[in-house]
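Have a look at the structure below, then the notes.
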Amino acid sequence: FDGRNAAPSDKASDLISLAVRGCCSHPACSGNNPYFCGGKR
């Protein structure tokens, strides 16, 4: 079970981290999501 569940969740977290990185490069988006972007202003 663990081996089968690892791949989809890894793909999902990769997509999420890519989306978050894109968001954090935009001041308006990173300002609205400080917890995603390290909480830095």
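Cβ from N, Cα, C; glycine included.
Annotated in Swiss-Prot:
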- CYS23-CYS37: disulfide bond (DISULFID)
- CYS23-CYS29: disulfide bond (DISULFID)
- CYS24-CYS29: disulfide bond (DISULFID)
- CYS24-CYS37: disulfide bond (DISULFID)
- CYS37: cysteine amide (MOD_RES)
Could you tell me which of these disulfide-bonded residues, CYS29, CYS37, has the greatest number of Cβ atoms within 10 Å of its own Cβ? CYS37
Please report the DSSP secondary structure of CYS37 (disulfide bond), reduced to three states. coil
